[in-house]
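Written out below as C-alpha coordinates is the structure these notes cover.
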(Lines of atoms letter the chains of each structure in order from A and count residues from 1; the text may use other names and numbers.)
(Lines give C-alpha, C1' and ligand atoms only; values in the text may rest on other atoms or scores of the structure.)
Protein backbone atom coordinates (compact mmCIF):
# COMPACT_ATOMS: atom_id res chain seq x y z
CA UNK A 1 0.00 0.00 0.00
CA UNK A 2 2.97 2.32 0.58
CA UNK A 3 3.99 1.86 -3.07
CA UNK A 4 0.47 2.77 -4.19
CA UNK A 5 0.50 5.93 -2.06
CA UNK A 6 3.89 7.00 -3.47
CA UNK A 7 2.61 6.37 -6.99
CA UNK A 8 -0.46 8.53 -6.36
CA UNK A 9 1.65 11.35 -4.91
CA UNK A 10 3.99 11.19 -7.91
CA UNK A 11 1.26 11.38 -10.53
CA UNK A 12 -1.10 13.65 -8.63
CA UNK A 13 -4.01 11.29 -9.27
CA UNK A 14 -5.44 8.38 -7.37
CA UNK A 15 -8.26 6.90 -9.45
CA UNK A 16 -8.17 4.63 -12.47
CA UNK A 17 -11.03 4.72 -14.96
CA UNK A 18 -12.49 1.35 -15.94
CA UNK A 19 -13.75 1.59 -19.51
CA UNK A 20 -15.69 -1.65 -18.96
CA UNK A 21 -18.15 -3.66 -21.01
CA UNK A 22 -21.10 -1.30 -20.98
CA UNK A 23 -19.55 1.55 -22.97
CA UNK A 24 -19.15 -0.76 -25.96
CA UNK A 25 -22.68 -2.13 -25.72
CA UNK A 26 -25.64 -0.75 -27.67
CA UNK A 27 -27.95 -1.95 -24.90
CA UNK A 28 -26.08 -1.47 -21.60
CA UNK A 29 -29.23 -1.83 -19.47
CA UNK A 30 -30.07 -5.20 -21.03
CA UNK A 31 -26.45 -6.35 -20.67
CA UNK A 32 -26.52 -5.34 -16.99
CA UNK A 33 -29.64 -7.45 -16.40
CA UNK A 34 -28.11 -10.46 -18.19
CA UNK A 35 -24.89 -10.23 -16.17
CA UNK A 36 -26.88 -9.83 -12.94
CA UNK A 37 -28.94 -12.95 -13.72
CA UNK A 38 -25.78 -14.92 -14.54
CA UNK A 39 -24.22 -13.69 -11.29
CA UNK A 40 -27.23 -14.85 -9.25
CA UNK A 41 -27.26 -18.21 -11.04
CA UNK A 42 -23.55 -18.68 -10.33
CA UNK A 43 -23.99 -17.90 -6.63
CA UNK A 44 -27.14 -20.01 -6.22
CA UNK A 45 -25.84 -22.95 -8.29
CA UNK A 46 -22.56 -23.18 -6.40
CA UNK A 47 -24.27 -22.60 -3.03
CA UNK A 48 -26.75 -25.43 -3.71
CA UNK A 49 -23.91 -27.74 -4.74
CA UNK A 50 -22.00 -26.96 -1.52
CA UNK A 51 -25.18 -27.51 0.52
CA UNK A 52 -25.88 -30.87 -1.16
CA UNK A 53 -22.33 -32.08 -0.54
CA UNK A 54 -22.50 -30.97 3.09
CA UNK A 55 -25.93 -32.46 3.84
CA UNK A 56 -25.93 -35.74 1.90
CA UNK A 57 -23.86 -38.52 3.49
CA UNK A 58 -23.42 -40.23 0.09
CA UNK A 59 -21.42 -37.20 -1.08
CA UNK A 60 -19.00 -37.20 1.86
CA UNK A 61 -16.00 -38.32 -0.19
CA UNK A 62 -12.74 -36.63 -1.27
CA UNK A 63 -14.00 -36.03 -4.81
CA UNK A 64 -17.04 -34.07 -3.61
CA UNK A 65 -15.00 -32.28 -0.95
CA UNK A 66 -12.79 -30.86 -3.70
CA UNK A 67 -15.84 -30.02 -5.83
CA UNK A 68 -17.22 -28.04 -2.88
CA UNK A 69 -13.89 -26.18 -2.67
CA UNK A 70 -14.13 -25.41 -6.39
CA UNK A 71 -17.66 -24.07 -5.89
CA UNK A 72 -16.45 -21.87 -3.03
CA UNK A 73 -13.66 -20.49 -5.23
CA UNK A 74 -16.09 -19.83 -8.08
CA UNK A 75 -18.45 -17.92 -5.78
CA UNK A 76 -15.58 -15.75 -4.55
CA UNK A 77 -14.13 -15.41 -8.06
CA UNK A 78 -17.26 -13.98 -9.67
CA UNK A 79 -17.88 -11.78 -6.60
CA UNK A 80 -14.52 -10.03 -7.06
CA UNK A 81 -15.54 -8.39 -10.34
CA UNK A 82 -19.29 -8.47 -11.03
CA UNK A 83 -20.82 -6.63 -8.01
CA UNK A 84 -18.58 -3.58 -8.46
CA UNK A 85 -19.12 -3.58 -12.22
CA UNK A 86 -22.91 -3.62 -11.82
CA UNK A 87 -22.90 -1.08 -8.98
CA UNK A 88 -20.75 1.31 -11.02
CA UNK A 89 -23.16 0.97 -13.95
CA UNK A 90 -26.17 1.74 -11.74
CA UNK A 91 -24.43 4.67 -9.98
CA UNK A 92 -22.95 6.04 -13.19
CA UNK A 93 -19.41 5.80 -11.80
CA UNK A 94 -16.50 4.08 -13.52
CA UNK A 95 -13.60 5.00 -11.23
CA UNK A 96 -11.56 2.68 -9.04
CA UNK A 97 -8.95 3.86 -6.53
CA UNK A 98 -5.41 2.49 -6.70
CA UNK A 99 -5.73 0.56 -3.38
CA UNK A 100 -9.07 -0.88 -4.50
CA UNK A 101 -7.57 -1.82 -7.86
CA UNK A 102 -4.65 -3.54 -6.12
CA UNK A 103 -6.98 -5.47 -3.82
CA UNK A 104 -9.14 -6.62 -6.73
CA UNK A 105 -6.02 -7.71 -8.62
CA UNK A 106 -4.69 -9.65 -5.62
CA UNK A 107 -7.99 -11.44 -5.03
CA UNK A 108 -8.53 -12.57 -8.60
CA UNK A 109 -4.89 -13.69 -8.95
CA UNK A 110 -5.16 -15.66 -5.70
CA UNK A 111 -8.45 -17.29 -6.67
CA UNK A 112 -7.34 -18.10 -10.23
CA UNK A 113 -4.05 -19.56 -8.99
CA UNK A 114 -5.86 -21.58 -6.32
CA UNK A 115 -8.23 -22.97 -8.93
CA UNK A 116 -5.31 -24.03 -11.14
CA UNK A 117 -3.85 -26.12 -8.34
CA UNK A 118 -7.25 -27.40 -7.16
CA UNK A 119 -8.03 -28.77 -10.63
CA UNK A 120 -4.68 -30.59 -10.52
CA UNK A 121 -5.51 -31.96 -7.06
CA UNK A 122 -8.86 -33.20 -8.34
CA UNK A 123 -7.11 -35.03 -11.20
CA UNK A 124 -4.76 -36.68 -8.69
CA UNK A 125 -7.78 -37.69 -6.59
CA UNK A 126 -9.37 -39.40 -9.63
CA UNK A 127 -6.05 -41.15 -10.35
CA UNK A 128 -5.87 -42.59 -6.82
CA UNK A 129 -9.56 -43.59 -6.86
CA UNK A 130 -9.34 -45.43 -10.20
CA UNK A 131 -5.78 -46.76 -10.17
CA UNK A 132 -5.48 -47.59 -6.43
CA UNK A 133 -9.07 -48.18 -5.22
CA UNK A 134 -8.08 -50.40 -2.27
CA UNK A 135 -5.63 -47.81 -0.91
CA UNK A 136 -7.88 -44.84 -1.71
CA UNK A 137 -9.39 -44.42 1.81
CA UNK A 138 -5.87 -44.30 3.29
CA UNK A 139 -4.14 -42.19 0.63
CA UNK A 140 -6.99 -39.66 0.49
CA UNK A 141 -8.15 -39.52 4.11
CA UNK A 142 -9.75 -36.37 5.54
CA UNK A 143 -6.46 -34.97 6.88
CA UNK A 144 -4.77 -35.38 3.49
CA UNK A 145 -7.71 -33.69 1.75
CA UNK A 146 -7.57 -30.71 4.12
CA UNK A 147 -3.80 -30.44 3.59
CA UNK A 148 -4.15 -30.52 -0.21
CA UNK A 149 -6.99 -27.97 -0.22
CA UNK A 150 -5.02 -25.63 2.09
CA UNK A 151 -1.99 -26.03 -0.16
CA UNK A 152 -4.04 -24.95 -3.18
CA UNK A 153 -5.21 -21.77 -1.42
CA UNK A 154 -1.66 -21.01 -0.23
CA UNK A 155 -0.01 -21.54 -3.64
CA UNK A 156 -2.67 -19.38 -5.27
CA UNK A 157 -1.99 -16.55 -2.82
CA UNK A 158 1.72 -16.69 -3.71
CA UNK A 159 0.81 -15.58 -7.24
CA UNK A 160 -1.20 -12.67 -5.85
CA UNK A 161 1.54 -11.60 -3.42
CA UNK A 162 4.18 -11.74 -6.17
CA UNK A 163 2.47 -9.90 -9.02
CA UNK A 164 0.20 -7.35 -7.33
CA UNK A 165 2.80 -5.19 -5.48
CA UNK A 166 5.10 -5.05 -8.52
CA UNK A 167 2.29 -4.16 -10.94
CA UNK A 168 0.91 -1.42 -8.68
CA UNK A 169 4.36 0.08 -8.02
CA UNK A 170 4.86 1.21 -11.64
CA UNK A 171 4.37 4.93 -12.42
CA UNK A 172 1.19 5.40 -14.47
CA UNK A 173 1.62 8.65 -16.40
CA UNK A 174 0.60 7.49 -19.87
CA UNK A 175 -3.10 7.06 -19.18
CA UNK A 176 -5.43 6.19 -16.32
CA UNK A 177 -8.02 4.52 -18.54
CA UNK A 178 -8.05 0.74 -18.07
CA UNK A 179 -9.60 -0.82 -21.18
CA UNK A 180 -11.18 -3.60 -19.18
CA UNK A 181 -14.02 -4.19 -16.71
CA UNK A 182 -11.68 -4.98 -13.80
CA UNK A 183 -8.04 -4.52 -12.80
CA UNK A 184 -6.42 -7.39 -14.68
CA UNK A 185 -2.60 -7.37 -14.68
CA UNK A 186 -1.98 -7.02 -18.46
CA UNK A 187 -4.60 -4.25 -18.77
CA UNK A 188 -3.00 -2.26 -15.92
CA UNK A 189 0.63 -2.91 -16.87
CA UNK A 190 0.13 -1.46 -20.35
CA UNK A 191 -0.64 1.95 -18.78
CA UNK A 192 2.83 2.30 -17.26
CA UNK A 193 5.16 4.92 -18.70
CA UNK A 194 8.26 2.95 -17.62
CA UNK A 195 9.84 -0.02 -19.39
CA UNK A 196 7.93 -3.12 -18.27
CA UNK A 197 9.50 -5.61 -20.71
CA UNK A 198 11.54 -7.37 -18.00
CA UNK A 199 8.52 -7.57 -15.71
CA UNK A 200 6.35 -8.91 -18.53
CA UNK A 201 8.96 -11.60 -19.22
CA UNK A 202 9.08 -12.55 -15.53
CA UNK A 203 5.27 -12.51 -15.36
CA UNK A 204 5.17 -14.80 -18.40
CA UNK A 205 7.61 -17.23 -16.75
CA UNK A 206 5.63 -17.10 -13.50
CA UNK A 207 2.39 -17.88 -15.33
CA UNK A 208 4.04 -20.68 -17.30
CA UNK A 209 5.17 -22.20 -14.01
CA UNK A 210 1.72 -21.73 -12.45
CA UNK A 211 0.19 -23.54 -15.43
CA UNK A 212 2.95 -26.07 -16.12
CA UNK A 213 2.92 -27.71 -12.68
CA UNK A 214 -0.86 -28.33 -12.61
CA UNK A 215 -0.97 -29.34 -16.31
CA UNK A 216 1.83 -31.86 -15.72
CA UNK A 217 -0.05 -33.36 -12.76
CA UNK A 218 -3.33 -33.46 -14.72
CA UNK A 219 -1.73 -34.97 -17.85
CA UNK A 220 0.18 -37.61 -15.87
CA UNK A 221 -2.90 -38.51 -13.82
CA UNK A 222 -5.14 -38.96 -16.85
CA UNK A 223 -2.50 -40.89 -18.79
CA UNK A 224 -2.29 -43.40 -15.93
CA UNK A 225 -6.09 -43.44 -15.66
CA UNK A 226 -6.42 -44.25 -19.38
CA UNK A 227 -3.92 -47.10 -19.06
CA UNK A 228 -5.81 -48.49 -16.06
CA UNK A 229 -9.23 -48.14 -17.73
CA UNK A 230 -7.89 -49.86 -20.86
CA UNK A 231 -6.99 -52.91 -18.76
CA UNK A 232 -10.44 -53.11 -17.13
CA UNK A 233 -12.51 -56.15 -18.12
CA UNK A 234 -15.81 -54.62 -17.02
CA UNK A 235 -17.55 -52.35 -19.53
CA UNK A 236 -19.56 -50.87 -16.65
CA UNK A 237 -16.31 -50.07 -14.81
CA UNK A 238 -14.93 -48.27 -17.87
CA UNK A 239 -18.15 -46.30 -18.28
CA UNK A 240 -18.16 -45.21 -14.64
CA UNK A 241 -14.47 -44.20 -14.76
CA UNK A 242 -14.97 -42.09 -17.89
CA UNK A 243 -18.13 -40.51 -16.43
CA UNK A 244 -16.33 -39.32 -13.29
CA UNK A 245 -13.42 -37.92 -15.31
CA UNK A 246 -15.28 -36.29 -18.20
CA UNK A 247 -16.82 -33.52 -16.06
CA UNK A 248 -13.45 -32.60 -14.60
CA UNK A 249 -11.74 -32.59 -18.01
CA UNK A 250 -14.44 -30.27 -19.38
CA UNK A 251 -13.81 -27.75 -16.59
CA UNK A 252 -10.02 -28.05 -17.05
CA UNK A 253 -10.22 -27.31 -20.78
CA UNK A 254 -12.53 -24.30 -20.28
CA UNK A 255 -10.49 -22.70 -17.48
CA UNK A 256 -6.97 -23.45 -18.71
CA UNK A 257 -7.78 -22.49 -22.30
CA UNK A 258 -8.79 -18.98 -21.24
CA UNK A 259 -5.74 -18.66 -18.97
CA UNK A 260 -3.34 -19.70 -21.75
CA UNK A 261 -4.79 -17.03 -24.05
CA UNK A 262 -4.61 -14.29 -21.41
CA UNK A 263 -1.13 -14.88 -20.01
CA UNK A 264 0.88 -16.99 -22.46
CA UNK A 265 0.09 -15.82 -26.00
CA UNK A 266 2.23 -12.95 -27.44
CA UNK A 267 0.85 -9.42 -27.26
CA UNK A 268 0.28 -9.43 -31.05
CA UNK A 269 -2.65 -11.80 -30.45
CA UNK A 270 -4.30 -9.43 -27.96
CA UNK A 271 -6.74 -6.59 -28.42
CA UNK A 272 -8.80 -4.93 -25.65
CA UNK A 273 -11.98 -6.37 -27.17
CA UNK A 274 -10.64 -9.95 -27.33
CA UNK A 275 -9.15 -9.71 -23.85
CA UNK A 276 -12.45 -8.57 -22.35
CA UNK A 277 -14.42 -11.33 -24.08
CA UNK A 278 -12.03 -14.00 -22.81
CA UNK A 279 -12.13 -12.47 -19.32
CA UNK A 280 -15.95 -12.49 -19.39
CA UNK A 281 -15.76 -16.19 -20.20
CA UNK A 282 -13.47 -17.25 -17.36
CA UNK A 283 -14.54 -14.76 -14.68
CA UNK A 284 -18.32 -14.69 -15.27
CA UNK A 285 -19.41 -17.68 -17.39
CA UNK A 286 -17.12 -20.39 -15.99
CA UNK A 287 -18.42 -20.02 -12.39
CA UNK A 288 -22.00 -20.51 -13.63
CA UNK A 289 -21.08 -23.46 -15.87
CA UNK A 290 -19.07 -25.46 -13.32
CA UNK A 291 -21.99 -26.45 -11.04
CA UNK A 292 -24.05 -27.40 -14.11
CA UNK A 293 -21.24 -29.58 -15.45
CA UNK A 294 -20.72 -31.33 -12.13
CA UNK A 295 -24.42 -31.79 -11.34
CA UNK A 296 -26.18 -32.54 -14.63
CA UNK A 297 -23.58 -35.17 -15.54
CA UNK A 298 -23.43 -36.74 -12.08
CA UNK A 299 -26.05 -39.26 -10.91
CA UNK A 300 -25.06 -38.96 -7.24
CA UNK A 301 -25.50 -35.17 -7.21
CA UNK A 302 -28.79 -35.34 -9.13
CA UNK A 303 -30.01 -38.04 -6.73
CA UNK A 304 -29.13 -35.89 -3.71
CA UNK A 305 -30.90 -32.90 -5.30
CA UNK A 306 -34.06 -34.92 -5.99
CA UNK A 307 -34.00 -36.24 -2.42
CA UNK A 308 -33.69 -32.71 -1.00
CA UNK A 309 -36.49 -31.37 -3.22
CA UNK A 310 -38.73 -34.30 -2.28
CA UNK A 311 -38.19 -33.70 1.45
CA UNK A 312 -38.88 -29.97 1.06
CA UNK A 313 -42.03 -30.67 -0.98
CA UNK A 314 -43.35 -33.17 1.61
CA UNK A 315 -42.67 -30.72 4.47
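A Cβ is built for glycine as well, from the same backbone N, Cα and C atoms used for every other residue.
If you look up Swiss-Prot, you'll see 1-29 (among others) marked as topological domain 'Extracellular', on the strength of sequence analysis.
Taken from Swiss-Prot, the feature N-linked glycosylation site applies to 3 (among others), supported by sequence analysis.
Per Swiss-Prot, N-linked glycosylation site is recorded for 9 (among others).
Per Swiss-Prot, the feature transmembrane segment maps to 30-53 (among others).
If you look up Swiss-Prot, you'll see 54-61 (among others) marked as topological domain 'Cytoplasmic', on the strength of sequence analysis. Mean model confidence for the topological domain 'Cytoplasmic' (54-61) is a pLDDT of 88.
The transmembrane segment annotation in Swiss-Prot covers 62-83 (among others).
Look at Swiss-Prot and you will find 84-104 (among others) tagged as topological domain 'Extracellular', backed by sequence analysis. Same-chain residues lying 6+ beyond the ends of the topological domain 'Extracellular' (84-104) with a Cβ under 8 Å from its Cβ atoms: 1, 4, 7-8, 14-22, 28, 32, 35-36, 39, 164-165, 167-168, 178, 181-183, 188.
Feature annotation from Swiss-Prot assigns disulfide bond to 101-193; the stated evidence is sequence analysis. Residue 193 (disulfide bond) falls outside any helix or strand according to DSSP and counts as coil.
If you look up Swiss-Prot, you'll see 105-124 (among others) marked as transmembrane segment. A Cβ distance under 8 Å defines the sequence-distant neighbours of the transmembrane segment (105-124), meaning residues of its chain 6+ beyond its ends; these are 63, 66-67, 69-70, 73-74, 76-77, 80-81, 148-149, 151-153, 155-161, 163-164, 167-168, 182-185, 188, 210-211, 213-215, 217-218, 221-222, 248, 251-252, 255-256, 259, 282-283.
The DSSP breakdown of the topological domain 'Cytoplasmic' (125-143) into helical (H, G, I), extended (E, B) and coil residues amounts to 13 helix, 0 strand, 6 coil. The topological domain 'Cytoplasmic' annotation in Swiss-Prot covers 125-143 (among others).
The transmembrane segment feature in Swiss-Prot is assigned to 144-162 (among others); the stated evidence is sequence analysis. Counting same-chain residues at least six beyond the ends of the transmembrane segment (144-162), those with a Cβ under 8 angstroms from any Cβ of the stretch are 62, 65-66, 69, 105-107, 109-118, 121, 124, 206, 210.
The annotation topological domain 'Extracellular' is assigned in Swiss-Prot to 163-199 (among others).
Tertiary proximity for the transmembrane segment (200-223) is limited to same-chain residues at least six positions away from its ends with a CB under 8 Å from its CB atoms, namely 113, 116-117, 119-121, 123-124, 126-127, 159, 162-163, 185, 189, 245, 249, 252, 256, 259-260, 263-264. Annotated transmembrane segment per Swiss-Prot: 200-223 (among others), in sequence order.
The topological domain 'Cytoplasmic' annotation in Swiss-Prot covers 224-240 (among others), and the record cites sequence analysis as its basis. Through the fold, the topological domain 'Cytoplasmic' (224-240) approaches residues 126-127, 130-131 of its own chain, all at least 6 residues removed from its boundaries and within a Cβ separation under 8 Å.
Look at Swiss-Prot and you will find 241-263 (among others) tagged as transmembrane segment, backed by sequence analysis.
As annotated by Swiss-Prot, topological domain 'Extracellular' applies to 264-276 (among others).
Residues 63, 70, 112, 115-116, 119, 122-123, 126, 129-130, 184, 186, 203-204, 207, 211, 214-215, 218, 222, 225, 228-229, 232, 269, 275, 278-279, 281-282, 286, 289-290, 293-294, 297-298 of the same chain, all 6+ positions outside the transmembrane segment (241-263), place their C-beta atoms under 8 angstroms from a C-beta of that stretch. Sequence-distant contacts of the topological domain 'Cytoplasmic' (54-61) (same chain, six or more residues past either end, CB-CB distance under 8 Å): 68, 300-301, 303-304, 307-308. Packing around residue 193 (disulfide bond) is summarised by its Cβ count: 12 other Cβ atoms lie within 10 angstroms of its Cβ, all protein chains included.
Outside the topological domain 'Cytoplasmic' (125-143) by six or more residues, the chain places 62-63, 66, 220-222, 224-225, 228-229, 241, 244-245, 248 with a CB less than 8 A from a CB of the stretch.
Look at the topological domain 'Extracellular' (84-104): DSSP puts its residues at 15 helix, 3 strand, 3 coil.
Panel annotation: around the topological domain 'Extracellular' (163-199), residues 3-4, 7, 10-11, 13, 15-21, 80-81, 84-85, 96, 98, 101-102, 104-106, 108-109, 206, 262-263, 270, 272, 275-276, 279-280, 283 of the same chain, lying at least six beyond its termini, place a Cβ under 8 Å from a Cβ of the stretch.
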